[in-house]
Amino acid sequence: MNIIAILNHLGVFFKEEPIHQLQASLESKGFQVVYPVDVQDLLKLIEKNPRVTGVIFDWDKYSLGLCKEIHDRNEKLPIFAFANDQSTLDIHLADLRLNVHFFEYRLGMADDIALKMGQATQDYQDTILPPFTKALFKYVEEGKYTFCTPGHMGGTAFQMSPAGSIFYDFYGPNAFKADVSISMPELGSLLDHSGPHKEAEEYIARTFNADRSYIVTNGTSTANKIVGMFSAPAGSTVLVDRNCHKSLTHLMMMSDVTPIYFRPTRNAYGILGGIPQSEFLPETIHAKVAATPGAKMPRYAVITNSTYDGLLYNTGFIKENLETPFIHFDSAWVPYTNFSPIYEGKCGMSGDAIPGKVVYETQSTHKLLAAFSQGSMIHIKGEVEEETFNEAFMMHTSTSPQYGIVASTEIAAAMMRGNTGKRLIKDSIDRAISFRKEIKYLREQSEGWFFDVWQPDNIDSVECWKLDPKDAWHGFKDIDDNHMYLDPIKVTLLTPGMGSDGQLLGSGIPASLVSKFLDERGIVVEKTGPYNLLFLFSIGIDQSKAMQLLRALTEFKRAYDLNLSIKKMLPALYNEAPHFYEGMRIQELAQAIHELTIKYRLPELMFKAFDVLPEMKMTPHAAWQQELAGNVEEVPLQQMVGRVSANMILPYPPGVPLVLPGEVVTDASRPVLDFLQMLCDIGAHYPGFETDIHGLYRQADGSYTVKVLR
Ligand SMILES: *Cc1c(COP(=O)(O)O)cnc(C)c1O
C-alpha cells in the first residue's frame, strides 16, 4: 500500500477544495491518503512508515525549510508542493537536488495531478530498488512459462500434492514464482558476473566502498574459503587469527598450506581480546616462520574483525604494518560498518587502497543486516586477477544459486544507502546506548545485585569506545593504545560472580541460568559465557524488543531474589530431569554451579587453555588426509596427551578452535585438556548444562572420546 501524506491546515477555501478533489483522485488510484497534524508529525510519519511514497504541502507556508527536513530523512522521497501564482521559488532549491514537483491550486485538475503523482511514485520506487531485484520482479510480473528447472515450476508442482499445497500456502505464490532457473538470459549470471547480477555487484561495491564486490549465496563460511583458496596456493604459509571461525580451519584442511597463528589475548571474563600490535610486525612474523618447520614468509593473513564480543581493530595500523600482500578481514559480524562515521578506520574497506596489497572484507549480510540466511559478500580493495579469482568463486558456488538470496543481499545494500540507511544504523546505535544506560540506571536503583554492562564508565559520546590501557573495566592487561574499540551495538551484560580482575567471588549467578530463563521467554541470547551474556542490537531490534529484554532481566532478578523453585522458574530445564531438579531452588542451583566454577578455577583454566597453543605436528591438511585414509582411532579424552588430533576441537562458547587437526596436546598445553574436561564435568553434574563441543564424542556412559591419528 502506497501512502501519500498531506500537510494542509489552511482553512482557505480556494486551497482546500482542490486538495479534497485530489484526495478522491488519489484514492481511486489505490493510494492511502493521510493527514499529519503538523510538521513534526509528518517527519515522524516519514521516519516510522517507510511506505510513505510522497508528501504534499503548501509552498507558501513551508517551502525550503521543510524540504530540508524531509531530505534528511529520505532524500529520494517525492515532494509535491502546491503554490499559488505569487509563490516565489527559492534559488537554493537547485543545490539540494530535491525531488520536488510543483502544482497550482486549481479546481478540476485533480485527475491530472494524481496521474503525475502516480508516475512520480513509480519513478521513486524505481530509483530505490536495486538492479537485480528490479529485473527479477519484472521477470516474475511477466509471468513467463518455462520448461526449465526448478522442478516445482513456479510453485505448480507443490500444488499437485496435499503436503506440497500446505507448504505452498505457507510461503505464498511469489516465493515460488521468483525461484527461477539460471537459464533466464535477461537475469544474467551470478557465476559469470553478467547482466543484472553484474549490475548488482557493482551496486554493492559502490555502496560498501569497495573496488569489487561479490555476492556469495552460501554464507561467509564459503566467502572465507573462496578468498583463502585464491590467496594462498598449495605449499604457501598462511597467517591465521587463532580466534578464527571454523570455516578457516576447513580452508586449511582443504588447501595444502602451513599455518602460523596470530596470538590474541583473552581476559578473565573469558572475553576474546584482540591480537596485540606486535603480532602484526615483521620481526614477530619472521620469528614464527623460523620456528615452524616448512613455513615460508606468509602471503595471506586473516583477522577476525570484529571479534565475537564486538571489538574492532584500528585497521589502518594492520594494513600498513602487515607485510603480507593479501590481508583478509573476516567481518562476518559487522556488515554495517560503512554506514556510520563511528566505524571509520576500523574496518577493511575504510580508506584508500594500499599499493601492492589487496584487502578483503567478508561479511555475513544475513547476520546483522536484513537478508535471507546465507546472504554474504566479499569486498575487495586492490588488484586481483579476476578470472582466477572467479575460478575460486565458482569452485565453491552451486551452479543453481537461489535468486531469492541474491536479491535479498542486494536489497540489504539498497536499504543502507543514503540518509534512510544512515538513520537505520544510527537508530540501532542509539537504542543500544540507551539500553546500556538503562541497565546502569537499574543497577544504581536496585536493592542488592543487578546486571552490569561491560563498557567504559562514561558512554556519553556516541562512538566505538577505545580500550584504554589505563582503564580497568575491560579486564585486559598490557594492551596497546589506539588499537581496539568496543562497538556500542554489541552489548555484553555481566552477571555477579566475578570481580573485574577475574577473581571469583564467594557467591555468583552463572550466566547460563539467565540465558535459560530468557530462552523460556522467547529471547535468544547470542552467546553465553561463564558470567557474561552477549546481545546484538541489529537493525531489527526495535524499542519494544529492547524493552521486553529489560523486563525479562528485571523479572529474573525478582524470581532469583524470591528464590523460586527450578520447576516454577525454569520449567523447560526442570522437565529435562524432573527427579534431579525436584525441590531445588534457583539460588541453590546458581551457587552450586558457581562453586563448581570455583573448584575448577574456570577463569584461570580458560585463560591458560587458550594461552599455550598445542604443538603442530603436521598441517591441518595432512591430518585430514590421514583421517580420510582411515588412519584414525577414537580414544578417551584423557588419553589425548601426546597424540595427534585428527579433528578440530571447538567449544561453544567461546566458539573458536582450541585444538586444530594435526596438533598435539603436550604436557605444556595440558590446560587445554583440563579445560575440556571441566566443560564435560559441569555438564555431567547438571542436566541441561552440557557444553556443545565440536570434535568431542559423548559416549553412552557420559564420558567423551576424541579422534586421534594412529
Ligand atoms: C558466522 C561467521 C562466519 C560464517 O558466516 P556464515 O554466513 O554463517 O557462513 C565466518 N566468520 C565469522 C567470524 C563468523 O562469526
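First residue shown is number 1, and so on along the chain.
For all residues, glycine too, the Cβ spot is worked out from N, Cα and C.
These numbers come from a predicted model, not from an experiment.
What TrEMBL says about this protein:
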| type | residues | note |
| --- | --- | --- |
| DOMAIN | 14-124 | domain 'Orn/Lys/Arg decarboxylase N-terminal' |
| DOMAIN | 130-545 | domain 'Orn/Lys/Arg decarboxylases family 1 pyridoxal-P attachment site' |
| MOD_RES | K367 | N6-(pyridoxal phosphate)lysine |
| DOMAIN | 570-700 | domain 'Orn/Lys/Arg decarboxylase C-terminal' |
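With helix defined as DSSP H, G or I and strand as E or B, the domain 'Orn/Lys/Arg decarboxylase N-terminal' (14-124) counts 57 helix, 20 strand, 34 coil. Secondary structure of the domain 'Orn/Lys/Arg decarboxylase C-terminal' (570-700) per DSSP (helix as H, G, I; strand as E, B; remaining residues coil): 63 helix, 22 strand, 46 coil. Each residue in the domain 'Orn/Lys/Arg decarboxylases family 1 pyridoxal-P attachment site' (130-545) has a pLDDT score, and their mean in this model is 94.
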